[in-house]
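Colleague: Once you've had a glance at the structure underneath, I'll fire off some questions.
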Amino acid sequence: MKKNNKKNYCTFYLIRHGETEWNIKGIVQGQKDSPLTEQGINQAKKAARLFKKIKFDEIFSSDLLRAKRTAEIIVLEREMAVKTSKLLRERLLGRFQGKAVMTMREELKKQLEKKGKLTHEERFKFRLEDGFETDEEAMGRFITFLRETAMAYPQKKVLIVTHGGMMRIFLTHLGFTTYEELPPGSIENAGYIILECDGVDFFIKEVKGVNKK
């Protein structure tokens, strides 16, 4: 990976939304929504304190309520508007959105086992069933957003509130980890990644709340 040019990079603070009611109930969210729990609100407030001294130039979030609400809490005292984008949404999980995680695992057991035997490149393109985004499709929109934003905000600091699934696939895609080392659920609510981007390449600086095996 090439050496980054300090004059051109944008610094991103990617953070997962706070805990939701469906998180604690074990329900698949995907692109459906559920409200933050009291714990989720407190996690967002803690993130606000953690990043209090960081002067963000722009704030973005997924347009899903759980991410937008988390972002609003984080920037409450900054008098900054939160800009939303569908490109930052969680991966689309088809007919299982709103259903129990265990139900999805049971009904897709054979497909999940098949996916687990594939190479990294094959997994990236694998579709569990119709109605699901592949990792490649999800990353296509996500990385497009990051690169375009980096080009628009050189030498700036940008906060982005997004989703655990997207952050997991992103880290795997960058080669920071593997699917085996970072299974679903490995990124904590309000876990974050700090990285730099010059509009093309990404340089990870810090991760927190990312639980590798």
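A Cβ is built for glycine as well, from the same backbone N, Cα and C atoms used for every other residue.
Not my notes, these are from TrEMBL:
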ACT_SITE  His17  active site, tele-phosphohistidine intermediate
ACT_SITE  Glu90  active site, proton donor/acceptor
BINDING   Arg16, His17, Gly18, Glu19, Thr20, Glu21, Trp22, Asn23, Arg66  substrate binding site
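Tell me about the surroundings of these features in the structure.
Modeller: Under 8 Å, Cβ to Cβ, and six or more positions away along its own chain, His17 (active site, tele-phosphohistidine intermediate) finds Leu36, Gly40, Ala44, Ser62, Leu64, Arg66, Ala67, Arg69, Thr70, Val161, Thr162, His163, Asn189, Ala190. His17 (active site, tele-phosphohistidine intermediate) carries neither a helix nor a strand DSSP state and counts as coil.
Other Cβ atoms within 10 Å of the Cβ of Glu90 (active site, proton donor/acceptor) number 26 in total over all chains.
Take the CB of Arg16 (substrate binding site) and look out to 10 A: across all protein chains shown you find 28 other CB atoms.
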Colleague: Over all shown protein chains, what is the count of other CB atoms within 10 A of the CB belonging to Gly18 (substrate binding site)?
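Modeller: Result for Gly18 (substrate binding site): 27 other Cβ atoms within 10 Å.
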Colleague: Which secondary structure state does DSSP assign to Trp22 (substrate binding site), in the simple three-class scheme?
Modeller: helix
Colleague: Any idea what the Cα distance is from Thr20 (substrate binding site) over to Glu90 (active site, proton donor/acceptor), rounded to a whole Å?
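Modeller: It is 14 Å, counting Cα to Cα.
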Colleague: Determine the most Cβ-crowded residue among the binding-site residues Thr20, Trp22, Arg66, using a 10 Å radius around each Cβ and all protein chains in the structure.
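Modeller: Highest number of other Cβ atoms within 10 Å: Arg66.
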Colleague: Tell me the Cα distance separating Glu90 (active site, proton donor/acceptor) from Gly18 (substrate binding site), rounded to the nearest angstrom.
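Modeller: Per the Cα atoms, Gly18 (substrate binding site) and Glu90 (active site, proton donor/acceptor) stand 14 Å apart.
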Colleague: Work out how many Å separate Glu90 (active site, proton donor/acceptor) and Arg16 (substrate binding site) at their Cα atoms, rounded off.
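Modeller: That comes out at 10 Å between the alpha carbons.
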